[in-house]
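**Q** Mind looking over this structure? Questions follow.
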């Protein structure tokens, strides 16, 4: 068992859709991005590594725990500044650079990691030429890209930051034309069930299991599987296989998001309960000051202050309407929180009943 630490910046960068940030920690998109880095880590031990389009820097940090050196390169200056602030180490450095003109010497890198980069640029041939230039003759490229036939299918919204996506077959053909040996894998975040053979080294199974917020354990088997399945026969052989059941509803992610939303809604409601009255009190104080001025001025100033007073009264009407709107929103948030809380309690009750072996209600 190998214990792997994951680090996120104390201050997350905003999420715009262009790159993953730690603002989305513990979500489906995190599972996709972090899993790729955890797997790439297997190839980086004692190596010089380039993480091109490194983004916030969390992935470069994961690789640096086993690599001899890691250079994270990104075209965005603010992103590099953030990465340098929160992730820099003795063997981990960050640099501003373009994937079409990588700031590295020829044949100086053992492993290049390029996750979700190629679709962000149009000049694919220039990009791959740069990767080949900086890689040593026996170096390794680990690269990922969304399959446009699935990621950007008709029923899904296109990512405006993706300038030129490839299909799975196009991606394979492109890399095969530039490297002698290519192995293609598929990745899918899922909620469901996995059945794998025990004591079967030919499966080369690599499992990353989250144990806490910042710790992941690596195994070559399902270390925490609650069930054992056996196929038995007196025949000569039994087929061995790996099987996955994918639950399309992504129940777990939805439940987690609902709980987070409910918690945020409650916090907003609690914080907002006192805001309208506080702000109205502030308005009353300002109004009193205007009244004090109005009762004392010279006659020549009286009309000016009268106009100001009328303007204030009109502003107050608009503000009070806004307060009512905010209060209605608060009430709606509270109702939503209560509804979701009731739904979660019901589902937790169903799960408890199932665990006890009783029939569902």
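Backbone N, Cα and C define each Cβ position, glycine as well.
When I checked TrEMBL for this same protein, it listed these features:
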DOMAIN    50-143  domain 'Methyltransferase type 11'
**Q** Provide the three-state DSSP residue tally for the domain 'Methyltransferase type 11' (50-143): helix first, then strand, then coil.
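**A** Split by secondary structure, the domain 'Methyltransferase type 11' (50-143) comes out as 31 helix, 33 strand, 30 coil.
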**Q** If you average per-residue pLDDT over the domain 'Methyltransferase type 11' (50-143), what number do you get?
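**A** Within the domain 'Methyltransferase type 11' (50-143), the model's average pLDDT equals 94.
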